[in-house]
Structures are given as C-alpha cells and as structure tokens.
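S.K.: Okay, so TrEMBL annotates it like this:
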- 33-457: domain 'Major facilitator superfamily (MFS) profile' (DOMAIN)
- 33-51: transmembrane segment (TRANSMEM)
- 71-88: transmembrane segment (TRANSMEM)
- 100-119: transmembrane segment (TRANSMEM)
- 125-147: transmembrane segment (TRANSMEM)
- 159-182: transmembrane segment (TRANSMEM)
- 188-207: transmembrane segment (TRANSMEM)
- 256-275: transmembrane segment (TRANSMEM)
- 295-315: transmembrane segment (TRANSMEM)
- 336-355: transmembrane segment (TRANSMEM)
- 367-389: transmembrane segment (TRANSMEM)
- 427-449: transmembrane segment (TRANSMEM)
Amino acid sequence: MTVQRVGARLAGVLNVPDSHNPVNFTVWKKRRVVAAGIFSIVNSGLGSSLPSGATGSIMEHFSVKNSTLSVLLNSIYLLGFAVGPLIFGPLSEHVGRRPVLIGTYLGYTLFTIGCALSPSFEALLVFRLLCGIAAGAPNAVIGPLYADIYDDAPTRGRAMAYFMCATSMTPPLGPIISGYASEVSWRLSFWIGFGIAVVGLPVMLLLPETYVPVIKRHLAGSEDSTTHHVTSKSELLAELKVIFSRPFVMMYQEPVVLFTSLYLAMIYSTLYLFFQAYPIIFQVENHGRNEQGPNIPLVSAGSVAALGVFLWYSSYHARALDTGATWAVSDEYRRLPPACIGGPMVVASLFWLGWTSYPSVHPAIPSLSGLLFGTGYLVIFISMLTYLGDAYKQFSASAQAAASTTRSVTAVCLPLAASPMYGTLGIQWACSLLAFVTMVLAIIPFVFIRFGPSIRKKSPFCQQVLELTSSTRP
C-alpha cells in the first residue's frame with residue numbers, strides 16, 4: 001500500500017462537522033488534553049529512573065551478587081521505551097489517540113504494582129520491561145495529540161514546550177524518591193510511583209478522541225463503507241503491515257526523520273550517560289571523595305531556562321510575522337533557530353565539564369556545566385520535535401516513533417560505555433569526544449534551514465500532507 005493510497009483514505013475522512021472537530025474544542029477541553037499529555041509523560045519519565053536510588057536495597061533483598069546486573073533495572077525499562085513507540089505510535093493512527101493513551105496508562109499503572117509485588121529479581125525485570133513498553137507510548141503520541149487540537153503553529157509549539165519541559169524534569173526525581181523510600185523498603189518506591197499514576201488517572205479517563213479519521217469513523221458508524229475501508233481480512237492485514245512498518249520506512253526514505261533521530265539520539269543518550277559518568281567524575285578521579293554535586297538537578301533547572309528561550313523566540317517570531325517579515329513565513333525559521341543556539345550550548349557544556357574537572361578546581365565549577373547542558377538539551381528537543389510534527393502532521397506519530405525508538409536504543413547502549421570510555425580516555429578527553437561528535441551533529445538544524453524546503457518538496461510523505469491539507473480547506 002503506497003503513501004498515496006494511505007493519503008487517499010485519509011482525505012476521505014479528514015472533514016468532520018465543526019462541533020466534533022478537535023480544533024474547535026473549548027479552551028478548557030484543550031487544556032484538559034494538554035494536561036493528560038503532561039500527566040502521561042510525568043509518569044513515563046519518573047518511571048525511567050525510579051529504582052535508581054534503591055538499587056543497593058533491591059540487589060541485597062534478592063541476593064544478587066553481580067553488581068553489573070543493577071544496570072538492567074533502568075536499561076530494560078529504556079529497552080521498553082524503544083519498543084513501545086514502534087507499536088503505539090502507528091497504532092494511534094489506526095485506532096485513535098484515546099484508546100492508546102488510556103490503555104498504556106492503565107498498563108503502566110498495573111505493571112508498577114507488579115514491580116512493587118515482585119517475588120524475584122527476574123520478575124522485577126519483566127515488570128520493568130512491561131512498564132517501559134507502556135510508558136513509551138507518550139513519546140510517539142503526545143506530539144500528534146497536540147497537533148490534533150491546535151492548528152496554529154505558535155500555540156502548538158507552546159504546548160509541546162510545556163510537555164518537553166515535563167519530560168526532562170521528571171527523571172531526576174526518581175533517584176530522590178527511591179533514595180528516601182528505600183530507607184523503609186525498596187518496594188515503597190514503586191508504591192509511590194503507583195500513587196502518582198493514580199493521581200492522573202481521572203484526567204486520562206476523561207481524554208476525548210482527537211484523531212479526525214477515527215472521529216469521522218465513529219460518527220458514520222463502523223459499517224459505513226465510505227469511511228471504514230477495511231472490508232476483508234487480507235486488506236486489514238495489508239493495512240496493519242503498512243501501519244507498523246511506517247516508522248522504519250520513514251527512517252529509510254525521509255532525511256528529515258533520519259537526521260533528526262540521530263541528533264536527538266546523541267543528546268538524549270548523553271543525558272543518560274551522565275548518570276554513570278558523574279560518579280566517575282566527582283567521586284573517583286576528580287575529587288577523591290564521595291561527592292557528586294547537584295549535577296542532574298542542575299540539568300533539570302536548565303530545562304526551565306530552555307522553556308524561557310523557546311517561548312521568547314516564539315513571541316519574537318510571531319511579531320516578525322505580524323510585521324510582514326518574509327523570512328518568518330518559512331516553516332524552518334518557525335522552529336529551528338532555537339536548535340541552532342542549543343547545539344553550541346551542549347558542545348560548550350561538555351568541554352566545560354571535561355576541562356574543569358581537576359582536583360584543584362572546586363566541584364561547583366564543573367557542576368554548573370549541567371545548567372548549560374540542560375538548557376541546550378531541551379531547546380534542541382523542543383525545536384526538532386515540533387519541526388518534525390509540523391512537517392509530517394497526519395504521519396507525525398510514526399515519525400515521532402522512529403525518533404523515539406532511535407534515541408531509546410542509544411540511551412540503553414551508550415551509558416554501558418561510560419566506565420571503559422572514561423577509564424581509557426580520562427575525564428577530559430572522554431567529555432571532549434562527546435563534544436566533538438555533538439559538534440558535527442549540531443550542523444543539522446542549519447542544514448535544514450538552508451535545504452529543508454527542497455528536502456520536503458522531494459518527500460512523498462510531506463507532499464501527501466500538503467495534498468491532504470489543501471483538500472480539507474473550505
């Protein structure tokens with residue numbers, strides 16, 4: 001089934017009565033949708049690091065002697081992060097956003113109970129994997145969810161900025177929660193995670209459907225052959241094959257998806273590498289004492305600064321449009337300039353961390369590099385993901401799934417290299433190696449600004465999006 005055939009199916013169902021169009025939801029209903037997205041990613045991000053502060057207690061309780069297995073508590077969750085978007089991103093383009101998000105939220109909540117009640121280390125790992133698979137859904141679905149309800153780019157960008165800020169601020173809370181909870185019991189960490197998930201459950205259950213083709217299908221009834229095209233088992237299987245292969249096809253055919261995924265994968269995996277690298281830097285070689293500094297919290301603090309940077313640029317861009325500036329009309333200039341700023345910030349932060357990490361330098365100095373990294377990290381993420389969503393619209397869940405899976409896989413693998421890399425190269429050159437690789441990838445948003453329009457013009461998916469958009473305009 002070609003992109004054109006999929007587009008033809010979508011074109012027939014994208015028009016719905018105004019009263020049912022998600023773009024026409026009331027302000028409060030839209031805010032409820034945004035809140036549901038934030039609740040889902042808060043739990044998703046928190047779960048990724050929830051056992052970190054209780055690792056010692058867990059290993060002791062289950063009498064696991066091999067300390068390297070402790071890495072699996074987080075790594076296997078991130079492996080689920082890689083699998084989940086490939087399933088739930090494309091699936092949301094078939095059954096809708098609501099059943100996917102509610103189903104995975106309930107799954108995450110129940111699997112967290114499973115973690116708390118695990119009778120063995122092996123069972124705990126299984127439930128952590130299932131939690132990760134369920135928690136991977138928001139990474140692929142929330143961007144398209146917000147695109148469903150906000151047809152104006154500035155508002156959609158602000159919603160994504162708040163969502164991404166929540167994404168980056170919650171993982172550092174996991175070790176803090178489990179660190180204190182493990183003094184009572186390591187199981188309490190997961191019960192707290194379950195309680196936090198329950199708080200957001202009412203908001204999730206009230207989430208309306210926002211995907212227009214599914215809304216139209218529901219309005220017309222499942223037997224309406226003009227909107228429900230799957231009439232045979234073979235056709236259903238063919239459509240499912242297209243749906244679940246789409247993220248892989250887009251990675252192969254779409255340069256925007258491929259290079260965005262690679263850039264975000266490097267930045268994201270560097271963040272998770274810090275969980276392994278900071279103890280090496282601040283405990284062993286640098287200061288010779290058990291002091292990590294407030295590093296990961298500073299990365300989170302940088303996220304707040306990044307939100308300010310993105311909102312400032314959005315306001316600046318809106319004013320430029322109002323004054324008739326020709327450059328502001330470009331889709332690339334709407335989203336990518338903040339990423340052009342964020343890239344050098346990340347590179348500078350890595351050099352800063354590496355070359356100030358000496359015993360003669362107070363640990364606060366290298367610690368402060370986390371603030372610059374956190375700012376650049378989130379600015380890049382917001383800019384690149386909103387650009388991806390704007391470019392692929394109806395296909396954006398699959399594009400987001402490809403990007404999410406790529407960065408989750410690298411986030412599992414790169415931290416495993418932290419100890420040998422820092423041991424072999426030393427702190428200064430290990431950080432410099434990360435900086436040099438990031439420096440090369442940081443040219444990607446500049447390339448997109450220069451060549452993005454011509455790249456998208458040659459893209460079958462982007463062209464299909466343009467046709468769908470023009471066919472549904474009054």
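Glycine residues also receive a Cβ, built from the backbone N, Cα and C atoms like all the rest.
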S.K.: Please indicate, using numbers and ranges, the residues of the same chain that are 6 or more beyond the transmembrane segment (256-275) and have a C-beta under 8 Å from a C-beta there.
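M.R.: Those are 49, 52, 74, 78, 168, 250, 295-296, 299, 346, 350, 370, 373, 377, 380-381, 384-385, 387-388, 391-392, 399, 402-403, 406-411, 413-415, 417-418, 434, 437-438, 441-442, 444-445, 447-448, 452, 455-456, 459, 462, in sequence order.
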S.K.: Who are the long-range neighbours of the transmembrane segment (295-315) in its own chain, taking Cβ under 8 Å and residues 6 or more past its ends?
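M.R.: Same-chain contacts beyond the flanks: 154, 157-158, 161-162, 165, 168-169, 171-172, 175, 271, 274-275, 278, 282, 337-338, 341-342, 367-368, 370-379, 382-383.
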S.K.: Averaged across the domain 'Major facilitator superfamily (MFS) profile' (33-457), what pLDDT does the model get? Just tell me the whole number, please.
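M.R.: Mean pLDDT for the domain 'Major facilitator superfamily (MFS) profile' (33-457): 86.
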S.K.: Is the count of Cβ pairs under 8 Å between the transmembrane segment (71-88) and the transmembrane segment (125-147), pairs 6 or more apart in sequence, 3 or more?
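M.R.: Answer yes, regions in contact.
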S.K.: Grab the same-chain neighbours of the transmembrane segment (159-182) for me: Cβ-Cβ under 8 Å, and only residues 6 or more beyond its ends, written as numbers and ranges.
M.R.: 34, 37-38, 41-42, 44-54, 56-57, 142-143, 146, 150, 188-189, 192-193, 271, 296-297, 299-300, 303-304, 306-307, 310-311, 314, 374, 377-378, 381-382, 385-386, 389
S.K.: Check the transmembrane segment (188-207) against the transmembrane segment (367-389) for contact, please; criterion is three or more CB pairs under 8 Å, pairs 6 or more apart in sequence.
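M.R.: Per Cβ check, the transmembrane segment (188-207) does not touch the transmembrane segment (367-389).
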S.K.: Who are the chain neighbours of the transmembrane segment (125-147) in space, where the CB to CB distance is under 8 Å and they lie at least 6 residues beyond its ends?
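M.R.: Answer is 33-34, 37, 40-41, 43-44, 47-48, 51, 72-73, 76-85, 87-89, 92-93, 97, 100-101, 104-105, 107-108, 111-112, 114-115, 118, 156, 159-160, 163, 210-211, 385-386, 388-389, 393, 396-398, 400-401, 404, 408.
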